[in-house]
Structures are given as structure tokens and as C-alpha cells.
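Annotation comment: TrEMBL describes GLY80, THR83 as Na(+) binding site. Here TrEMBL flags 40-60, 72-90, 102-127 as transmembrane segment.
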Amino acid sequence: MPRWAELVTVGVGGALGTLTRAAASHAWPAPAGGLPVTTLAVNLIGALLLGLLLGHLALAGPDAGARKVARLGIGTGFMGGLTTYSTFMVESERLLTGGHAALGLAYLLGSILAGLLAASAGLTIAARAHGGGRA
């Protein structure tokens, strides 16, 4: 696959992931000073699905052909566009400095821990689906 095609694959996936996140944020906006549930949900879903995808692809064979297209388009592109580190940080800062320090700290630390657990769960599920090999 030529380099330009890889970039287009990532770009198309990223655009679709970003549109999905924007639609979710529009459908379920976070209340001012409240827990940003939509950002938390898309980040955790993205971490789980990325773990599943990358675990499956790693155990399915070399990073070439359709596996590489899936990794670039779905993993780097769609999941990268769906999840949002920058919004997570801004929301955390606003809670921490806006009179909701305890909620902000819980959101910040809880998101990191839950994201790690979600990614690990995705990798574990993929490994078990492939007979228990480590992804």
C-alpha cells in the first residue's frame, strides 16, 4: 500500500470517528460542572475496542494487507478520532479549577485507570478468542 493511501485510510477513519464522537457529544451533552459522561464513555469504549482490534490483529498475522488497512483505518483513524485526550484534559481542568475539585480529580484518575482496564480487557478478550496467546 503506498504511503499516500495509508494516510488517506487514517484520514477517512479519523473523520468518521470524529463525527461519531461529535454526534455523541451533541446527543448527550455534559452538564456544566457535572461529570462529562459522554467523553468518559467514548474514551472507554474506544480503549476497549482498540485493545480488541490490536490484540486480534497482532495474533492474526503480520501487519500487512487487510490487517494493516484495518489497523490504520479503524485503529489509528476511527478510534483515534473517536477518543479524545484533549477534551478529557480540558474537562478535567475545568472541573478542578471551577469549584469541583473532588469530581475533577475523580474524573481524571478514574478515567486513566478505567481506560487502562478497558484496553487490557480488550487485549485479554482478543487473546482468549485466539486460544489464549498473548496479544
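Cβ coordinates come from backbone N, Cα and C, glycine included.
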Nonlocal neighbours by CB distance (under 8 Å) for GLY80 (Na(+) binding site), same chain, sequence gap 6 or more: VAL10, GLY13, GLY14, GLY17
Cβ packing number for THR83 (Na(+) binding site), 10 Å threshold: 21
Reduced DSSP assignment, THR83 (Na(+) binding site): coil
